[in-house]
Each structure stands twice: as C-alpha cells, then as structure tokens.
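**Student:** There's a structure below that I have some questions on.
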C-alpha cells in the first residue's frame, strides 16, 4: 500500500493528486498550483491559466491521523482528542464522500456538531485551531458573551459567518466547508447570573438565533460585518456543511450531575484525589444536565457529539511548556536566538511557572502571561544581550526583582560567568 504523502500539506498520494518526488521530500499537485499562484500572481495566471483546483479535500485524514496532528500540539486529553478526531472525520467524510452512497439510498447523514466541556485553558480552542490548520479549512472563533439578539448593542449572530467568510478570503464555497468555534457557550444559558432581569439580551434569545445557523440554513451575511440595514449588500452562506464547535467551562455542572445521580458534595475536597473524582464525574454529563444548566433542548439536540476535557495537571503543564511543536519555551528561545542570545530555564523554574498557573486557575492559557512577566526586563534589554546565555531560575519566577544568570559565550564556544 502506497503511504507516501506531501511534505507540505500531508495529503496522501492518489490518482487525482500525484506526488513529485525530491530528495526525501514530496509535493502534491495542489501544492504546486498554490506555489505557482504565489510566485507568478494573478496576471500570469490569467494569461496562461492552470487547471482549477479540485473542490474539497482530496484526501480526508483518518481519525488516527487527525489525533496524531492533535498530539503534536495538545498535551493529554486522550479521550477528548479521540472523540474530536472521529467527529471531525465523520463530518468531512459526510461532505466529500457523498458520491460513494448509492443513488437509490435515501439515507441522509445528519451533521454532527460538537460540544467541548472543560475548564479554562484545557485546550478546547487549541484543538479546533489545530485541526482547522491541519485540514487547511478556514476557522472563525468568537465569544458567545459578545453576541446579542438583533436590536440590542453587541454582535449579531450572523457576524460569526462574516468572520468565517473573511478567514476564507471571501471565497463562499470555502467558507461553507469551514469551522466555527463558539467559546463560553455556557455563559449564555438561561440561568446565567449575568442575565438581565427585564430582558434577555444574551441568553435564550441568542441560543435561538444560534440554533438557526447551527442546524443548517441559508443565511444572509453582511460581508463587512456590522448591523444589518435595508440598503446593505449581503452574501448568502449555506451553513449545512459548516462544522460548529461549542466550548465552555460549565462551572457548577458537577453539582448538577451529583444531584441527578442522587449524591452530594461530601467527600470532594481540593486534593488531587478529589480533583480526579470530579473529572470522572464530569465525563458522565448527559443532555438533561445541560438542559438543567440552562441550554435550550433544541440547541443541545444539534450538538450531537459531547466530550469533556480534564483540568490540566502540573505534570501536563510542564509538558505543555516544552514538548509541543510550538511549545512556549521553544517560542521564547527562538525570540532570543533572533538577537543572537540564548535562553534556558532551570527545571525548578518551569515547575514554579506551572504551579503559579495552577494557583491562578488560568490553565495552560496562563503560562504565556507568566513567562511574559518573567522575561519582560530581559526582552527590554535583549538587543544588548548578544552572545549571552540567559538562565531563568526559580527565584526569577517567585520574585520579580531576582536577576537571571547571565553567561558570556566565548568565541571558541566555551562559556564564562
């Protein structure tokens, strides 16, 4: 079985998408066409047009390949990554392999949108971004709390599709096969503490508005965003093939699950065992729990795939700092290298950073903010630190006035303090 794949987009070799081999690298037809457009521009393309790219994804990565892509950037969350990979695979298989179904077969495969439940900074947004990049499809990310019903100050729900259209560079067909990630969906529940007493600006009314686009319909979208008005131009977007992913922390959900199961909060404390038990409880979430939380049944009925993410542990935090392809430590080391300096962290310093992120309850998302705080003065002086190795110690994390170790690199490669 031929397992060669394009070194640029990872598409496997097929009859319709052959590969050109180089020195241990391969490039597919679609990447050659893309490179031609970049190098020679629109004028050359019009004078000597190339064959149009085939619509859609020529090769749909398998669930294992999708999970492998997630593994490169998302630490832990094994069950969530597996569920997510299968759901994304089935979604795009449903779109691009319709021709494999018998014409007489009237079975219609419904769209499976996804709900990700997990603490802040557990990787919900990162998972969506990673697979969108891997599949080369546009993605729009929005915060549900910024959405309001038509007629109130805030964003119309249709503006989500405007963002997707802009991410697709105005290509409607490409946008119609993209991904929309709606974060903090739990904050627009009917039981939200932020809900107005006199009117429902960003609660059930927004859920009803979201329902229309999530379930699949043709929506008039203002290409430049903003509020709709009669004299405005609109673009029609069919949302039936757009994958909608909703995410939220759903604080207090565990108590609802305990109540449904006839239990109580006794025995659950802030220790490690208690945290793991609470994560296990969250995995037992059911649609009825979401209704009790304040999401309308119609919306839950359109989110067929529900999975949960665990709270990030200290061990996972340490891996997040150093292991992924775009690990934060690697990013900051690259910034230092650009100024001909070197950056390293003592193991104790990384542990202190992880512990501080856990203390702040910001998850993996808070790691960058902590490193920014620790390296601020160094970044300010970085142009003067050429040919130095900078070592961040535990003291630098715990005490902002502490100075890092500076080691001068000699020309022969040796270092001196």
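Including glycine, each Cβ sits where the backbone N, Cα and C put it.
Here Swiss-Prot flags 1-47 as domain 'ClpX-type ZB', drawing on sequence analysis. Taken from Swiss-Prot, the feature Zn(2+) binding site applies to 6, 9, 28, 31. What Swiss-Prot records for 119, 120, 121, 122, 123, 124, 125, 126 is ATP binding site, and it gives sequence analysis as the kind of evidence.
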**Student:** Could you say which of the binding-site residues 28, 31 has its Cβ with the most other Cβ atoms inside 10 Å?
**Tutor:** 28
**Student:** Taking the Cβ of residue 124 (ATP binding site) as the reference point, list residues of the same chain whose Cβ is under 8 angstroms away and which are at least six residues distant in sequence.
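**Tutor:** Once residues fewer than 6 apart are set aside, residue 124 (ATP binding site) is near 116, 118, 183, 247, 309.
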**Student:** Take the C-alpha atoms of residue 121 (ATP binding site) and residue 9 (Zn(2+) binding site) and report the distance between them in angstrom, rounded.
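**Tutor:** Rounded to a whole number, the Cα-Cα distance is 28 Å.
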**Student:** For residue 123 (ATP binding site), just give me the three-state DSSP call.
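**Tutor:** In the DSSP reduction, residue 123 (ATP binding site) maps to coil.
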**Student:** With residue 28 (Zn(2+) binding site) as the reference Cα, tell me which of the binding-site residues 120, 122, 123, 125, 126 is the closest one.
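**Tutor:** Answer for the nearest of the binding-site residues: 126.
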**Student:** Based on Cβ atoms within 10 Å, give me the single least packed residue among the binding-site residues 6, 9.
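**Tutor:** Among the binding-site residues 6, 9, the sparsest Cβ neighbourhood within 10 Å belongs to 9.
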**Student:** If you count the other Cβ atoms within 10 Å of each Cβ, which of the binding-site residues 119, 121, 123 comes out on top?
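**Tutor:** By the 10 Å Cβ neighbour count, 123 comes out on top.
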**Student:** Please report the Cα separation of residue 119 (ATP binding site) and residue 9 (Zn(2+) binding site) in Å, rounded to an integer.
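**Tutor:** Here the two Cα atoms lie 32 Å apart.
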**Student:** Specify the nearest of the binding-site residues 120, 122, 123, 125, 126 to residue 31 (Zn(2+) binding site), where nearness means the distance between Cα atoms.
**Tutor:** 126
**Student:** For the recorded Zn(2+) site, whose residues are 6, 9, 28, 31, find every other residue on that chain with a C-beta no more than 8 angstroms from the centre of their C-beta atoms, and list them by sequence position.
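**Tutor:** Apart from 6, 9, 28, 31, the close residues are 5, 7, 8, 10, 11, 17, 19, 26, 27, 29, 30, 32.
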**Student:** Give me the long-range Cβ neighbours of residue 120 (ATP binding site): same chain, 6+ apart, Cβ under 8 Å, in sequence order.
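**Tutor:** Those within reach of residue 120 (ATP binding site), by Cβ under 8 Å and sequence separation of 6 or more, are 249, 361, 362, 363, 365.
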**Student:** Measuring CB to CB from residue 122 (ATP binding site), give everything in the same chain under 8 Å that is also at least six residues away in sequence.
**Tutor:** 77, 309, 310, 311, 312, 363, 364
**Student:** Report, in whole Å, the straight Cα-to-Cα distance of residue 126 (ATP binding site) from residue 9 (Zn(2+) binding site).
**Tutor:** 19
**Student:** Using C-alpha atoms, which one of the binding-site residues 123, 125, 126 comes nearest to residue 6 (Zn(2+) binding site)?
**Tutor:** 126
**Student:** Ranked by the number of other Cβ atoms within 10 Å of their own Cβ, which of the binding-site residues 125, 126 ranks first?
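**Tutor:** The residue with the densest Cβ neighbourhood is 126.
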